Amino acid sequence: MADSGNPNENTPSVATGENGEVTGSYNASAITVLEGLDAVRKRPGMYIGSTGERGLHHLVTEVVDNSVDEALAGHADTIDVTILADGGVRVVDNGRGIPVGIVPSEGKPAVEVVLTVLHAGGKFGGGGYSVSGGLHGVGVSVVNALSTKVAVEVKTDGYRWTQDYKLGVPTRRCAQNEATDETGTTVTFWADPDVFETTEYSFETLSRRFQEMAFLNKGLTLKLTDERESAKAVVGADVAGTDSAETPGEEPVRSVTYYYEGGIVDFVKYLNSRKGDLIHPTVIDIDAEDKERMLSVEIAMQWNSQYSEGVYSFANTIHTHEGGTHEEGFRAAMTGLVNRYAREKKFLREKDDNLAGEDIREGLTAIISVKLGEPQFEGQTKTKLGNTEAKTFVQKIVHEHLTDWFDRHPNEAADIIRKSIQAATARVAARKARDLTRRKGLLESASLPGKLSDCQSNDPSKCEIFIVEGDSAGGSAKSGRNPQYQAILPIRGKILNVEKARIDKILQNTEVQALISAFGTGVHEDFDIEKLRYHKIILMADADVDGQHINTLLLTFLFRFMRPLVEAGHVYLSRPPLYKIKWGRDDFEYAYSDRERDALVELGKQNGKRIKEDSIQRFKGLGEMNAEELRITTMDVDHRVLGQVTLDDAAQADDLFSVLMGEDVEARRSFIQRNAKDVRFLDI
């Protein structure tokens with residue numbers, strides 16, 4: 001092995017640009033340096049959002065985003081990610097390889113600069129990528145800084161090059177190895193346990209993100225493999241699309257491969273596969289580009305017979321959770337066009353009001369994916385697109401293509417209009433119902449539901465409300481609460497399955513009315529999160545199947561009609577114990593799972609304790625606990641276990657609720673069979 005501190009700077013080929021392709025040389029001179037890495041280890045949250053599970057997975061996606069940039073530029077079509085047996089992660093792509101030539105301003109190989117200097121990457125300065133999805137250069141250097149060690153291997157300029165790092169610092173110079181005709185980059189890293197609260201990766205979290213990436217990058221193959229011992233026990237019981245890979249003489253490993261030739265058209269088909277009947281059989285596919293402004297848009301859309309809207313937008317493959325100008329252009333074009341068409345074809349008479357945007361989008365599943373040279377992100381989480389040119393471009397393209405599609409498919413267009421009119425009728429009926437109930441005070445927080453045991457504090461940030469199924473459990477909860485800041489709302493039985501009902505019917509449900517008035521925010525178009533009366537909404541149901549069903553019904557309602565509560569982190573699931581282990585009169589412990597029960601019993605026996613066969617009590621429901629037991633195990637802030645409901649991926653959550661609460665029985669059975677062993681918290 002020859003150790004070269006001054007790698008040969010061969011002249012790379014220059015690719016000229018279609019959309020997303022390289023517009024200049026991708027060599028050492030294309031790597032621009034903006035600032036150092038000093039602060040990353042001191043304040044990691046500023047760069048990756050958190051040092052919890054979400055931040056840990058962000059490391060993986062930052063490295064993968066760099067490989068996706070190569071795919072966007074047309075130079076890579078395969079990305080292979082492996083969770084190693086020792087907890088490391090390896091990301092391999094078949095792109096051109098990070099350049100190894102010397103960066104003039106630094107006097108170091110480009111690969112070392114990219115890995116050790118913040119904001120050093122090929123997307124800055126205009127000489128590298130015309131479209132970039134990740135923080136290219138920022139991400140991989142931050143990953144390096146927050147890892148105990150990193151190994152990089154680059155195949156470029158006819159050789160294989162390697163370099164190793166420890167805590168962000170090179171441990172040796174970039175080494176030139178054997179000759180090779182292949183190209184690509186391999187980054188292997190081990191996250192620092194002194195920085196992160198956990199270094200345990202979730203196969204499901206990564207596979208969901210990679211499936212989304214594969215949908216958004218037509219023709220890209222993304223493979224995820226898990227070589228950890230814990231993965232071998234669940235091979236064959238994984239997420240949809242998971243394969244098990246087995247080499248003769250070796251145990252199978254858990255792996256999944258995603259490849260979608262149809263891109264976002266396949267994404268819409270996937271999301272609509274659980275949505276019941278379709279209003280039109282083919283997905284509407286829009287694809288347009290403005291090369292001069294380095295702007296392109298892909299849209300896939302299809303209406304189904306359900307009542308919820310599922311419009312998801314992306315900019316440079318980044319999920320724009322907060323929407324933005326591309327969504328605004330899409331909505332404006334569609335609302336204007338459908339109303340004009342409905343009047344021209346006499347579906348709407350002169351005296352009729354226009355259809356609202358929400359009427360037209362009822363049952364619509366759509367993916368909007370724009371790619372821009374200089375995306376401007378705004379909003380609280382920097383996931384709202386701000387480019388004004390995106391709105392005008394998308395609005396123009398959608399209007400042109402949708403007008404043409406309606407003219408060529410008059411029967412399907414008529415069905416879409418009829419569904420929109422039905423939605424408008426229901427919306428007006430719901431408005432009248434809201435006005436009526438508002439006059440009666442049923443939806444106003446000023447007239448709280450009679451069964452609500454409210455708390456004394458008026459500070460929402462300190463207040464929490466427990467939604468409890470059944471009056472008996474509600475009675476125990478009321479007695480066991482801290483009345484200063486804990487409120488109790490008992491609900492009777494299972495609330496309405498909102499997945500199968502329109503808003504007018506939903507607002508007639510007594511339990512739904514109680515929830516809306518207790519929370520104080522209003523619902524749907526009247527929703528105002530500033531009026532929320534409790535910053536913790538805690539769903540407290542039995543630990544059995546019925547209890548989980550009730551929680552799922554409640555979560556479906558919150559997701560469909562009060563989604564900002566979930567997005568803002570206000571919704572929690574309580575975790576009541578399953579067992580009480582009695583060692584003696586005043587010596588007992590609680591267990592929250594079968595495994596914990598067995599472990600506590602075994603530990604007790606090792607410590608010389610004895611237990612009778614009838615000394616392990618299984619709680620069948622919250623009503624079996626007295627007020628003191630409920631307080632200690634499930635309500636006391638010092639002892640309880642809560643699971644915060646998070647929303648990392650709205651499209652995946654939409655699909656999950658469609659599976660759990662929709663009409664497709666077989667899809668629901670399949671999901672439960674695959675995931676039954678892993679369900680502890682519903683983390684969506």
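Indices start at 1 and increase along the chain as displayed.
Just so you know, glycine gets a Cβ as well, placed from its N, Cα and C.
Some features that Swiss-Prot has for this protein:
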REGION    1-22  region 'Disordered'
REGION    154-302  region 'Novobiocin-binding'
DOMAIN    463-577  domain 'Toprim'
BINDING   Glu469, Asp542  Mg(2+) 1 binding site
SITE      Lys494  site 'Interaction with DNA'
SITE      Asn497  site 'Interaction with DNA'
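Listed recorded positions: Glu469, Lys494, Asn497, Asp542; maximum Cβ neighbour count within 10 Å falls on Glu469.
Recorded residues Asp542 (Mg(2+) 1 binding site) and Lys494 (site 'Interaction with DNA') have their alpha carbons 12 Å apart, per Cα-Cα distance.
Mean pLDDT for the domain 'Toprim' (463-577) in the predicted structure: 85.
Under DSSP, residues within the region 'Novobiocin-binding' (154-302) fall into helix, strand and coil as 27 helix, 58 strand, 64 coil. The two recorded residues Glu469 (Mg(2+) 1 binding site) and Asn497 (site 'Interaction with DNA') have their Cα atoms spaced 15 Å from each other. When the domain 'Toprim' (463-577) is classified with DSSP, helix, strand and coil residues number 55 helix, 21 strand, 39 coil.
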